[in-house]
Amino acid sequence: MTDEPLTDRPPAVDLGRLLIDAHAESDEHAVEAALRPRRLDEFVGQQRVRDQLSLILDGAKQRGRPPDHILLSGPPGLGKTTLAMIVAAELNTPIRVTSGPAIQHAGDLAAVLTQLSEGEVLFLDEIHRMARPAEEMLYLAMEDFRVDVVVGKGPGASVIPLELAPFTLIGATTRTGLLPGPLRDRFGFTARLDFYEPADLERIVHRSARLLDVRITPDGAAEIARRSRGTPRIANRLLRRVRDYAEVRADGVITCEVAQAALAVYEVDEHGLDRLDRAVLDALVRRFGGGPVGLGTVAVAVGEEPETVEEVAEPFLFRAGFLIRTPRGRMATAAAWRHLGITPPPEALGAAQLAFEIDRDAGEPTA
């Protein structure tokens with residue numbers, strides 16, 4: 001599921017980046033909402049998480065009580081928001097949606113919590129970006145369904161406890177490691193969403209094509225799925241752009257050839273890599289000899305913020321086997337060199353393999 005800063009002169013639009021960035025653009029929210037499944041049995045992929053959620057929801061319905069608080073983690077675009085909506089629908093209860101950046105003070109959180117009705121679902125996106133005072137208030141709310149409101153200042157201040165209606169919090173995060181331990185521990189169920197397999201993405205593309213009344217062949221759906229970086233949101237976005245190409249420059253039917261031609265226009269290659277991805281690999285290989293290089297150095301080399309490189313480009317590059325992380329920084333793999341059409345030197349291959357083995361044997365997070 002990123003806003004560009006305003007400048008005096010509009011920047012050039014990177015069409016490929018708009019397609020591949022899994023953070024939804026505001027003008028696409030309505031279309032994406034229309035394509036979302038409404039029930040758990042309509043949700044494609046993430047079978048393990050679906051089975052676990054089904055058990056939790058069935059148990060809660062049998063007891064007539066709200067389910068435990070739920071934490072959903074994983075890269076953007078994998079269905080965290082959709083699953084939160086589905087949980088509320090399966091429980092036949094309202095859902096209130098907010099986000100961590102919108103909760104900057106304890107009072108902001110108190111205002112939201114005190115408006116919840118019994119059994120309501122509160123979806124808190126980007127929960128890792130919530131302000132610390134609000135986090136501390138949330139501990140008590142999650143555990144005892146109560147908030148303590150401080151009235152007054154100084155020695156004369158008093159604390160007024162406010163009882164809350166029992167509710168279910170669903171938190172979503174792309175950065176689980178940034179959540180304090182006490183907050184993580186208060187979630188009764190934690191699920192990590194993984195990148196999707198091509199077969200599941202093909203099913204998603206076919207379903208979305210039916211909803212959009214788009215004619216598509218099996219190999220056309222497979223081609224779009226193959227370039228979708230394991231992410232349903234990107235698959236749906238690519239489908240809509242390929243549909244435009246099919247209607248304007250072809251006969252309206254999305255075939256493999258039409259999908260390939262359309263995605264070439266948007267500079268999305270056969271692996272789903274776009275201009276930023278290739279810039280990261282190019283910097284690592286051509287400028288730094290394959291690494292190791294720190295995140296900040298890579299970001300400067302490609303002209304992006306470190307957060308953009310880390311959250312948008314790197315997750316899929318790691319998964320696709322183009323990058324590895326070592327205690328000394330990022331390194332390009334042999335696959336990255338070959339993807340750029342360059343034969344990797346033996347010393348680079350040896351260093352990358354050694355770094356990989358060190359990280360694997362250590363069993364510790366790398367830098």
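The backbone N, Cα and C atoms fix where each Cβ goes, and this holds for glycine too.
Marked as region 'Large ATPase domain (RuvB-L)' by Swiss-Prot: 2-196. Swiss-Prot lists Leu35, Arg36, Gly77, Lys80, Thr81, Thr82, Glu143, Asp144, Phe145, Arg186, Tyr196, Arg233 with the feature ATP binding site, giving sequence analysis as the kind of evidence. As annotated by Swiss-Prot, Mg(2+) binding site applies to Thr81. Taken from Swiss-Prot, the feature region 'Small ATPAse domain (RuvB-S)' applies to 197-267, supported by sequence analysis. What Swiss-Prot records for 270-367 is region 'Head domain (RuvB-H)'. For Arg325, Arg330, the entry in Swiss-Prot reads DNA binding site, with the evidence type sequence analysis.
Counting every protein chain shown, the number of other Cβ atoms lying within 10 Å of the Cβ of Phe145 (ATP binding site) is 17. Leu35 (ATP binding site) carries a helical DSSP state (H, G or I). Gly77 (ATP binding site) falls within neither a helix nor a strand when secondary structure is assigned with DSSP, and so counts as coil.
Taken together, the residues of the region 'Small ATPAse domain (RuvB-S)' (197-267) have an average pLDDT of 95. Counting residue by residue with DSSP, the region 'Small ATPAse domain (RuvB-S)' (197-267) contains 51 helix, 4 strand, 16 coil. Set side by side, the binding-site residues Arg325, Arg330 differ in how many other CB atoms lie within 10 angstroms of their CB, and the most is found at Arg330.
Rounded to the nearest whole angstrom, the C-alpha distance between Thr81 (ATP binding site) and Arg325 (DNA binding site) is 29. Counting only same-chain residues six or more apart in sequence, the Cβ atoms lying under 8 angstroms from the Cβ of Glu143 (ATP binding site) belong to Arg186. Binding-site extent for ATP: residues Leu35, Arg36, Gly77, Lys80, Thr81, Thr82, Glu143, Asp144, Phe145, Arg186, Tyr196, Arg233, maximum pairwise Cα distance 37 Å (rounded to the nearest whole number). DSSP classifies Arg325 (DNA binding site) as strand under the three-state reduction. Secondary structure from DSSP puts Tyr196 (ATP binding site) in coil. Across the structure, Phe145 (ATP binding site) and Arg325 (DNA binding site) place their CA atoms 42 angstrom apart.
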